[in-house]
Amino acid sequence: MSLKEAVRRIKETANIVDIIGEHVALKKVGRNYLGLCPFHADRKPSFTVNEERQIFHCFGCGAGGDVIAFYMKFHNLDFVEAVKELASRFNIPISWDTKEDSFREKLFEVNQKAKRFFEHLLWSSKEGEKARGYLKERGISSKVAKAFGLGFAPASYDSLASHLKLVGVPLELAEQAGLLIRRTDGSFYDRFRERLIFPIYDHSGRVVGFGGRVLGQGEPKYLNSPETPVYHKGSILYGFYQTRSFIREAKQGFIVEGYFDLISLFEAGVTEVLATLGTALTPHHARQLRSLASEWYLVFDADEAGVKAALRAAPIFLNEGLFPKVISLPAGEDPDTFVRKFGAEGFRKLVEEAQDIFDFMIVVLEPRFSKTPEGRLRLFQEIKPALAAIKDPLLFELELSKLGEKLGVSETALRRAFDSRPSFQSPSPKGKVYSERLVLEFLVHYPKFLADLLEEGILEHVQNPLYRVLIEKLSELENKSYADLSLEDLELQALLSEILLSPPPFEEVSPEEVFAGIKCWLLKKKSKKKLMEIRQAIKEAERAGREEEALRLLKEYQDLCHFDNFKI
């Protein structure tokens, strides 16, 4: 059956309470089930599961959606992978052997063959003796090296190419996997030569790429696979497949930059660690981290590049509701060298001294600015992007207050300097405050009004792209239920589940009255756009000396202004 049909069958077959109940202790309270959220440090049950609608939502961290969304988030899968696993579990057949799917599988296969080749050379060949000695020098045991699948690529330009050709792999496919490079004459040579090889795995343990560390002196010191259809640096964290269970168990994790940073820590017994593959932390990375634990530590090199990496990571973490701490290493050290000198015990002592992310930013940035009022303001401007990333209004207020104390600046002055943060407007007691969010909530609870509002051009006046996409999805439903919606995006799933499990807007009045108010709100939106157009037309008429036209337009403008100032 098709993917769409498989999704429908999964939703019909898999009871969300049973699936979530395998991982979360749920207690029935009224029509819902409550439990502690598995996606953030939840002390008070804020995780709600509704069996009737087959959805979940956490009112603490905002995670939500249907059974597929939960499976995606909990197991760190993409939509197709989650559907595959659930379909297999419930014996639901899927026939979707697309060209793209088949090509990806071939890339996984060639990567796996290359990994075995590299492993064999490391452990069973004379050529690998140098690499084995190198690992011993760095204190890496064969047990740990094998757990991460380490291998060795010899100095030859065609050892891998010859092997792959021998086992029937088209060299063009190996090129597309990033393993070979094509010469100008059309022949191929190995990308990785005379290097210790680090396979890079996805969440399912499939090899998606490789990293190579040169033995001895040479440039570049580290060489990584290029981006391929199965390998995207911005979405892969090194060690995820091997260490996620340790992170979940410890309820905390450490983020480092390099392969050896992670492997040396793991060897020392610090197993709850992930690495960023030498690339900047991305929002996708942060979402993966949030799914594993709520407490994270940044452990970057004690140099300017390490400090910059920590500063860049701060807003990304905060935007996902994570408040990381920063472990400051002694000058000249990186996680690899430090743990080899001082062991896990020395590292754990640094953990106890870790700084709150905003404390770290002040300590690092303060020396760069004078202690004058102007210097204080410039320091605040540097910290401002991280502060702006805090979504929770209460946490924002608390951090702003703390920051004011540390900077010696009044909270009032900081608030004035923070003029780019949108203000939170409370509903007027006399009338209703209409907004894009309210319109969306209304349409989710009362979809019968959607067709009329679409005819009125509602989508042209919804600026939030997530809201607009969800409204478009709702329009596809017609007379079907929400269970028939196929939403691959977790943000959309979370948004819909939150609205469905919340009461409709303005319950004290009838839906028809709210609908009338929305139409009036929409009319005002249209009038604002029209006002801008008329202003421009007045300027052009005046420049051209068309006085009568300018006066007529001015009258039209004044009439519209009167309507625009009318309170709903």
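Counting starts with 1 at the first residue shown.
Note that Cβ sites are derived from N, Cα and C of the backbone, with glycine treated the same way.
Pulled from TrEMBL:
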ZN_FING   37-61  zinc finger
DOMAIN    251-334  domain 'Toprim'
COILED    524-551  coiled coil
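For the domain 'Toprim' (251-334), the model's pLDDT averages out at 90.
Secondary structure of the domain 'Toprim' (251-334), assigned with DSSP and counted as helix (H, G, I), strand (E, B) and coil, comes to 36 helix, 14 strand, 34 coil.
Helix, strand and coil residue tallies for the zinc finger (37-61), in that order: 0 helix, 8 strand, 17 coil [DSSP].
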